[in-house]
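*Asks:* Just passing along the structure, written as structure tokens.
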Amino acid sequence: MATVTAAASAPSRLDRAGLGWALFEGGRIPYVVMLGVVFMPYFAQTVVGDVVAGQAEVANFAKYAGFAAACTAPLLGALLDQRGPRKPWIVAFMAVLVGVVAMLWFAQPGGAGLSVAVVVTLLVLGKLFYTYTEMLHNSLLAVAASGGSMARLSGLSITIGASSGFLFLIFVLLALALPAQGGVRFVAAAPLFGLDTASYQHLRIVPVFAALLLVAASLPLLRYARDYPPTNKSWNASFRGAFAYLGGLANHLKARPNAAKFLLARMIYADGLTAISIFTGVLAGGVMGWSATELLLLGIGQLAASAIGAALLARIDMRIGSKRALQIMLGGMILALLVVVGTAPDRIFFIPLDSASLAWDGPVFRHVTDIVFLALLLVMTGLTSGTTASSRALLASLSPASEAGAYFGLYAMAGTVTAWLAPLAIGWATKATESQQAGFVPVIVLLAVGLALLSTVKPSATAEKEEE
């Protein structure tokens, strides 16, 4: 395992170590999209058996996982700063994550096999250990690239992950979903391996494939990416140092007010972004009445949009700086969501439209409103991927390399500490208005508040003048 003592010792050009770091995203993003467009709709509609109750269970899973991560991620990050290497912990956490994801195969219709409560528990554990691996992976960004290429490398990792997920969902569509639908030319007459569609094996197998991708994507990171060197501290000394650091965290953040303000802003807007990723499939299926095939096509389109968005927006980031790039992205997200709230099969941005009017005479996305809704979701996905890349690049530039673990622990906490808020607000707004679109108004508020707080952050001159 390659090690490095400081970010400055990393070469300015992308090398095998940096590529190994970026390739790790190739297993993580497909897992997230698999949950959003394949497993979560299946879980809500078929395992729980009721869309409303299923959405409530999805909200519960996000809430519990958020609480658990908020209570543990900062301590874990501070502890690993005291210990040094991250890779052994990535191996341990990935082992748990892969096992949990693979067990979703046993989530059968109607709660047979695994009960709904057990499935929710697995989802909570999966989200928690996914957060841990995300935190450790992010903390290695400073040693994976020089300060001048962090935005580029961060964007590259998102592009790789989105491209991997795109190919993954194409495989699911052609090998599993379309054969299960039947009567489709140029695809097999039955799902791969003769999987039983009556018991939804063609959908339950998807998490197993996602688990295999997680393993494959870990190998380049573990083999080639640089790691922090051991500090040779004892466990007792490491725990004392971690608690001392967290105990003096207020003073640490007071000494770095811009990092503190950014973490607060990110805590707010990341909650909105997470809610969008979790509820997109439920929203599209419920509001527009899209089929499982259309939801898969949505997921494929989102991954393409994510790859393109990450690549293009990373260039914008390097040209104008991470803060200004984030402001543009969040503003665009707010505008897109405003249109989504006003769009349904019979209207676009609150303007009535003949719901019978066809955009084309094809098997999917036939109506004008379908096309508009799809375009809005794709734009939002592209902006979200850019936001993810620029957010961690900005934090990496604002935080000292020697404290990267603790800061990215706080970064993980900032994305999860209020993760219960958006699902709670969405549920409340949906019940109050009896409208799924109106239920997303709180998300717009969260993004707007996060954008306002971000405007108060003053990045360093170095961060704002990153070179290619």
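Including glycine, each Cβ sits where the backbone N, Cα and C put it.
Per TrEMBL, the features are:
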- 29-49: transmembrane segment (TRANSMEM)
- 61-80: transmembrane segment (TRANSMEM)
- 89-107: transmembrane segment (TRANSMEM)
- 113-133: transmembrane segment (TRANSMEM)
- 205-225: transmembrane segment (TRANSMEM)
- 267-289: transmembrane segment (TRANSMEM)
- 295-314: transmembrane segment (TRANSMEM)
- 326-344: transmembrane segment (TRANSMEM)
- 364-383: transmembrane segment (TRANSMEM)
- 404-426: transmembrane segment (TRANSMEM)
- 438-457: transmembrane segment (TRANSMEM)
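Are these features on the surface or tucked inside, and what touches them?
*Replies:* Within the chain, the transmembrane segment (267-289) has long-range Cβ neighbours (under 8 A, six or more residues past its boundaries) at 32, 36-37, 40-41, 44-45, 51, 54-55, 58, 62, 295, 298-299, 302, 330, 333, 337, 344-345, 369-370, 373, 377, 380, 384, 387-388, 391, 413-415, 417-419, 421-423, 426, 436-437, 440, 443-444, 446-447, 449-451, 453-454.
Nonlocal intrachain contacts for the transmembrane segment (438-457), taken as residues 6+ away from its ends with a CB within less than 8 angstroms of a stretch CB, comprise 258, 261-262, 264-273, 275-276, 279, 283, 323, 326-327, 330-331, 333-334, 337-338, 340-341, 394, 421-422, 425-430, 432.
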*Asks:* With CB pairs under 8 Å as the measure, which of the listed stretches 29-49, 205-225, 326-344 comes out on top against the transmembrane segment (295-314)?
*Replies:* 29-49
*Asks:* Residue list, the transmembrane segment (364-383) vs rest of chain: Cβ under 8 Å, 6 or more residues beyond ends.
*Replies:* 276, 280, 284, 287-288, 290-291, 293-294, 297-298, 301-306, 308-310, 312-313, 329-330, 332-333, 336-337, 339-340, 343-348, 353, 355-358
